[in-house]
Amino acid sequence: MAATLTEAGTGPAATREFVEGWTLAQTLGEGAYGEVKLLINRQTGEAVAMKMVDLKKHPDAANSVRKEVCIQKMLQDKHILRFFGKRSQGSVEYIFLEYAAGGELFDRIEPDVGMPQHEAQRYFTQLLSGLNYLHQRGIAHRDLKPENLLLDEHDNVKISDFGMATMFRCKGKERLLDKRCGTLPYVAPEVLQKAYHAQPADLWSCGVILVTMLAGELPWDQPSTNCTEFTNWRDNDHWQLQTPWSKLDTLAISLLRKLLATSPGTRLTLEKTLDHKWCNMQFADNERSYDLVDSAAALEICSPKAKRQRLQSSAHLSNGLDDSISRNYCSQPMPTMRSDDDFNVRLGSGRSKEDGGDRQTLAQEARLSYSFSQPALLDDLLLATQMNQTQNASQNYFQRLVRRMTRFFVTTRWDDTIKRLVGTIERLGGYTCKFGDDGVVTVSTVDRNKLRLVFKAHIIEMDGKILVDCRLSKGCGLEFKRRFIKIKNALEDIVLKGPTTWPIAIATNSVP
């Protein structure tokens, strides 16, 4: 019998069964080639994230799926999102991964503000720990950014999205990479210019991530001569007076000057980065890298002019660039395969030279076993081919909602919530709304660099209350958070306030 998804219950909170005993609770993310679903085992309560890619609809995704699975089979580390297995059903590929209940790292970054230094330090050192594991095994990630760093239920970093990863070292022999890939604000300058070493390029991305965590904004749109902010940094030309640098203290700056050295040969290694004083300083819980009240740069930091080009992905790439440079950002956990139109600029006419060596190497290196700590009854997911009817499992919905700050409960009924939400967004101007029968409002707009920004608002009825759950679909994560705050503030009169139940507090990330 062909695999199909059977629905149980009715209305926006209906759940469906994937295989017997495993219920589809919600959509976690989506991309050009498929969706990521949350699966819950009704017997054990365990949760798994499942990527679905239909290769009949997207035949160009086949190589990306194969490569991602090959690499993730090799990885078993506490700061790497765990791979549980893969299953094929007809033309559809199902990839089963660890469920990161803490959400995306970008959701913890307050736009234009960042986060306290002790939090940034913790996330940063965990990122470096996971990256060290990858590099020791000869694997480069090549698309590190806050949207690809997930958090588990204990707030530990999990590196995800290995669609652009590759092996740069095998049997002790290291090779240069020549494929230009990644997300423009985070890629190292040498990636846009020539063949490059893998490790310094990944470390550059870590440096940009640290800037966004400390300052709540990106330092530049792209590391090229076309970007004034970057050339000022490169040429040591009055960059100290500009944001985000004017927000950071001298200790953080001393680390970033070495980590974001434009010459990969003088850039800090991973080991020296971890040895830097900033990574070992004991920060107070509420200490930020700057003080908005006392800083002489406060007015500049908060001015519209200073923010105008922050947190935006780059303008269009020049026609000389290769494929796989992403201009947009993906919400957690997005499928790693991306299309030309939605996520990457595919300008190269042929395959990169480095692709040829990956297939055999990965096949030789990949282990056949699944990752450690895999859920009980996982074989049901990997082997079952027949779908069965299920009972409604909405009682587990609260507990399994990924923690996200971009959601809120309202006091209105389901129908009234839809009307208020759509009406409010349209009155704000500059948005296009489309409402689907599944209770999802798709909101489209453009950011300040005229790049597409799409997010979805799911209107979910649960436990007698209505949840407005917003998530990014395409575009910059922090720009999405800015728009969300404006919309939520405009709906303030219907936002649920006051004491809430424990499950509601967990779902909305508002645990006292």
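Cβ coordinates are placed from backbone N, Cα and C, and glycine is handled just like the others.
Residues or ranges marked as domain 'Protein kinase' by Swiss-Prot on the basis of sequence analysis: 22-279.
Positions annotated as ATP binding site by Swiss-Prot, on the basis of similarity to another entry: Leu28, Gly29, Glu30, Gly31, Ala32, Tyr33, Gly34, Glu35, Val36, Lys51.
The active site, proton acceptor annotation in Swiss-Prot covers Asp143. Within 10 Å of the C-beta atom of Asp143 (active site, proton acceptor) sit 26 other C-beta atoms, taking all shown protein chains into account.
Feature annotation from Swiss-Prot assigns region 'Disordered' to 335-360.
On a Cα basis, Asp143 (active site, proton acceptor) lies 19 Å away from Gly34 (ATP binding site). Spacing of Asp143 (active site, proton acceptor) relative to Glu30 (ATP binding site) is 17 Å (Cα to Cα, whole number).
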